[in-house]
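Trainee: Residues or ranges marked as active site, proton acceptor by Swiss-Prot: 361. Look at Swiss-Prot and you will find 9-12, 23, 74, 79-80, 101-103, 138, 152, 167, 225, 331, 349, 364, 375 tagged as UDP-N-acetyl-alpha-D-glucosamine binding site. Here Swiss-Prot flags 103, 225 as Mg(2+) binding site. The acetyl-CoA binding site annotation in Swiss-Prot covers 378, 384, 385, 403, 421, 438. Annotation comment: Swiss-Prot describes 1-227 as region 'Pyrophosphorylase', evidence class sequence analysis. Sequence annotations record features per position, and here Swiss-Prot assigns region 'Linker' to 228-248 based on sequence analysis. Under the heading region 'N-acetyltransferase', Swiss-Prot lists 249-454, citing sequence analysis as support.
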């Protein structure tokens, strides 16, 4: 099998996006369009990925700093052929070269594998698609069924404009052939640009075979030149993700109101209500229920967990049979054990909460360790920050913390301790101790409240 190199064209400015971002950095499912294409190239086990860039070079390089690509600069954008000419010096003669577009993010590995398999030994294969409205696309010109040319919209005559089979721009041939044809391109056309479409005519002139594979799903090859098209690609992508999850057994209450911006691994009988967003890598156990409006990013969630509406989790783990929300926030480093209860307006950050413990209302637990079977009342705060440094609070097992308690870290609360409501804890508490620190309550009989002056 020949080696494979992929060339991704990503030099365009994207004027119709009306944005400072290069077009290919606009996102589908939370990921830049060009990153989708790079990931597909990786799935094909490409030996090299050449990224043609121009506009927004610094932004592209910063967003894609970790990607294994060969950066190829295109100073002037003089057409697709000109872009490929910049990459040609890197082509090995005996390798396959696959040309892709950074603003067509939904192209699939399976379609590209079919295209590569269809490439003649001595020839070129291109990906086409039939469109009801082919306006703006290069038309496929055939003679006796064989592809002989591609004519761009602005260069097509009246008869050619009636053709509905169009060029997607995706093609594959060997490096030696591409280099030969690229050297013979000219810009004698209405746009004054160098078209890769002219390569098909040159291949025919040289007696090379031209194969064509038609994409079965036209959305796979759609690009995004403006935000309307970008939104259409987003909705289509989300529709396909929702469809797949439903067929795998996940109950999406309304598939049209669910967004997956990463990967979701799931067990059986999971149920996800409307307007839930999944980001990054999320793993659900069996029978997990997620209420409306939740946002969950990079989390692992155990069996039989119930997440009530409008909760936001990031980089957290949740044990089996836990109940969380509504309106709860788990920040990075939150680790909840089995059968924990986290209630409304509770925030947990870089903290562990032991099995069976309850933090039910209006509480902040940060940089802390909470043992098993504890109860933290409403308004409890772990005061973990002195303006410069973070400190840890350690709470043992079976500890009761009353409402409106401040735990000023660093502080340790031993097993079985009880802390009365309104207490400010600044010293360690021993095992089974009761701690109360309150201003003595005063009663003033006959007190007259101040009155407003009229």
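Just so you know, the numbers here start at 1 and follow the chain as drawn.
Including glycine, each Cβ sits where the backbone N, Cα and C put it.
If you look at the structure here, what lies around each of the features I listed?
Mentor: When Cβ atoms from all protein chains are considered, those within 10 Å of residue 361 (active site, proton acceptor) total 15, not counting its own. In the three-state DSSP classification, residue 361 (active site, proton acceptor) falls within a strand.
Classification of residue 225 (Mg(2+) binding site) by DSSP places it in coil, neither helical nor stranded.
In the three-state DSSP scheme, residue 103 (Mg(2+) binding site) falls into the coil class. Counting every protein chain shown, the number of other Cβ atoms lying within 10 Å of the Cβ of residue 103 (Mg(2+) binding site) is 25.
The 10 Å shell around the Cβ of residue 385 (acetyl-CoA binding site) contains 12 further Cβ atoms across the protein chains shown.
Only residues 6 or more beyond the boundaries of the region 'Linker' (228-248), in the same chain, are considered here, and those with a CB under 8 A from a CB of the stretch are 17, 26, 28-29, 105-106, 219, 222, 255-256, 258-260, 264, 266.
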Trainee: Expressed to the nearest Å, what is the distance separating residue 9 (UDP-N-acetyl-alpha-D-glucosamine binding site) and residue 438 (acetyl-CoA binding site) at their Cα atoms?
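Mentor: Between the Cα atoms of residue 9 (UDP-N-acetyl-alpha-D-glucosamine binding site) and residue 438 (acetyl-CoA binding site), the distance comes to 69 Å.
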Trainee: Through the lens of DSSP with three states only, how would you label residue 421 (acetyl-CoA binding site)?
Mentor: coil
Trainee: Around residue 378 (acetyl-CoA binding site), how many other CB atoms lie within 10 A of its CB?
Mentor: 18
Trainee: Is it possible to get the count of other C-beta atoms within 10 angstroms of the C-beta of residue 225 (Mg(2+) binding site)?
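Mentor: 16, counting other Cβ atoms within 10 Å of residue 225 (Mg(2+) binding site).
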Trainee: In whole Å, how far is residue 331 (UDP-N-acetyl-alpha-D-glucosamine binding site) from residue 361 (active site, proton acceptor) when you measure between their Cα atoms?
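Mentor: Rounded to a whole number, the Cα-Cα distance is 17 Å.
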